[in-house]
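Trainee: Below is a structure I'd like to ask you about.
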């Protein structure tokens, strides 16, 4: 029995809240005193091994908790080890030890379609590594480009340990982690916009930057863009909460949480996130109207209240205690000449040229492209021409086409289509989680166009979670058919 199986949701929420608050505090201290990172990582290693042997479900809980909260996984770094890599290595290592003599009993092997997708993707990733090394002879660059894909090896592990009773715990971890990320976003906006004299703003900036938690960028009128990669999961949590609400799940705490999440998504000033959330919301509303054949005024009133309350919260974070006037959101949504958009536009042509050169299997990982950019972070005194060479591209789907060709791209599409079809089967029996997963997948597809996520654990985790969640329901359906 899971350690969490008898704990009420409210108590579980409080426990995870304390965990994430403690981790935030330790992360800040570790930036000032690096030896703390080593101590924390040692403690995490010992605790992880203990929990994995005591309760196998922690091979799911621990990775998703870190991914929901930890952005790029470097909240704690010590030499070449970071939080995400440490947990990944230990989870995989313990799983191999426990199943090496029962290899044939791994459950994923029995799911023909999902195993085919998994095996094919592993093969294509390894092929991309080989092709990249053959062409570049730079193993370090190839590894840095490809290593995030290896988190796909979580899939057979999560598939092995997941059961229906664990779903609520995962959702609680999601809501708790995203609450912390959202509050951190709002507090950082207030701290940087107000520029408190009693705080060392430079050190706070360096902490966020060095732990690769996110980016803090001045925008205009002393407003700051606070962007974190883990803010993507704010969208996931928001969609889950919204769908719970429209399915008669009356919970005031969840409604307030959705307001906090919305505010943080606004503060991110990420048009990719805004567009992804909008498309996911429209998908949800469209399905609801199609199913019920009616338009609920209450839903639109709730959305309006949520939107206005979120804007008010952003205003308060920006304007208190010293008032400032600003008109930020319209400006951001229409300013297509802004540096990130400009860089994407200038990268578009060279990407298509590279895709056309090797359209089937791609160039392999580590493929570099050179292009001209007006981005002030690139076009500097040391680089007045703005000429830039990189293997990390903003266009997510095109990144995969360049490095893995149509074959890798189509297998990802096949995986997503498989998940849509599988999820749709259980829409009538499990409407909340089914619709939430479908809306999340829809948002992820859109976001990945402009901001790469499916070549990173943050996006791959969504696909893997969606792959395992309906295993118990599928088994029930199969059993009932006999």
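Using N, Cα and C of the backbone, Cβ positions are placed for all residues, glycine too.
Automatic prediction, not curation, is the source of TrEMBL annotations.
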Trainee: To which of the residue ranges 7-30, 295-318 does TrEMBL assign the term transmembrane segment?
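Mentor: Feature transmembrane segment in TrEMBL: residues 295-318.
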Trainee: So what's the mean pLDDT when you look at the domain 'O-antigen ligase-related' (257-413)?
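Mentor: When the pLDDT values over the domain 'O-antigen ligase-related' (257-413) are averaged, the result is 85.
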Trainee: Counting a contact as 3 or more Cβ pairs under 8 Å, with residues at least 6 apart in sequence, do the transmembrane segment (295-318) and the transmembrane segment (173-192) touch?
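Mentor: By the criterion, they touch.
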Trainee: Counting Cβ pairs under 8 Å that are 6 or more apart in sequence, does the total for the transmembrane segment (142-161) and the transmembrane segment (222-243) reach three or more?
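Mentor: Per Cβ check, the transmembrane segment (142-161) does not touch the transmembrane segment (222-243).
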Trainee: Most CB pairs under 8 Å with the transmembrane segment (456-474): which of 76-97, 117-135, 173-192, 401-420, 432-450?
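Mentor: Maximum Cβ contact count belongs to 432-450.
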Trainee: Residues sitting near the transmembrane segment (76-97): Cβ under 8 Å, six or more positions beyond its termini, same chain?
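Mentor: Residues packing against the transmembrane segment (76-97) from afar: 26-27, 30, 34, 37-38, 40-41, 44-45, 48-49, 52-53, 59, 62-63, 66-67, 70, 151, 153-154, 157, 160, 211, 457.
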